[in-house]
Amino acid sequence: MMQESVLAQLDVSRETSEKLSHFVALVEKWNKAVNLIGRSTVDSIWTRHVLDSAQLRTHLASQPRLWLDLGSGSGFPGIVVAIMAAYESPESRFVLVESDQRKATFLRTACRELKLSASVLAARIESLPPQKADVISARALAALPDLCALAAPHLAPNGICLFPKGVGHISEIAAARQSWNMEVETLPSLTDPDAVILKLKALAHV
């Protein structure tokens with residue numbers, strides 16, 4: 001029922017629904033050997049992870065040429081947004097960065113099986129050449145000051161960052177502003193009344 005409810009809320013095509021379901025099955029299968037998501041969240045995977053990831057696409061002003069997902073891990077949000085873009089904006093490319101080799105192998109398997117326009121970089125974010133991304137996302141990766149430092153070298157001139165955050169987001173913004181100039185829009189989360197999505201623009205070091 002949770003699956004049907006989330007898919008209805010997302011209002012996606014049959015093909016997209018099938019790919020999202022396929023991806024969830026892959027996560028559940030691999031999670032037994034590789035710690036992709038917390039075991040306590042498996043039963044709520046459709047709301048806690050799929051919907052929480054998919055909502056990021058609702059905050060785009062235009063379809064990105066390149067979407068960079070940092071610390072992709074289990075593929076939330078990277079794989080989910082790539083699945084949704086496959087039919088809505090097939091020209092968009094996705095780059096998923098994950099330094100853990102086992103998780104990177106999972107991500108490559110998912111991209112291959114789902115036939116996504118996505119590539120996986122099994123490397124540390126700090127070692128990458130500038131990616132010039134239109135959108136950068138990161139979920140449960142680091143505090144905002146650190147996310148700004150990781151993202152800034154890879155943003156296109158008019159690029160945005162989409163960072164889901166929890167109850168401590170106000171203090172994280174204050175801490176980040178000590179070192180970074182930015183425009184911040186705080187957007188409500190569909191999955192948690194205490195959570196937000198931080199949309200950052202014009203990110204530059206002080």
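Every residue gets a Cβ built from N, Cα and C, even glycine.
Under DSSP, Glu126 (S-adenosyl-L-methionine binding site) is assigned to a helix (H, G or I) in the three-state scheme. Proximity of Glu126 (S-adenosyl-L-methionine binding site) to non-local residues of its own chain (separation of 6 or more, Cβ distance below 8 Å) is seen for Leu150, given in sequence order. Annotation source Swiss-Prot lists S-adenosyl-L-methionine binding site at Gly71, Phe76, Ile125, Glu126, Arg139, citing sequence analysis.
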Inset, instruction - Pick out which of the binding-site residues Gly71, Phe76, Ile125 has the most other Cβ atoms within 10 Å of its own Cβ. - result: Phe76
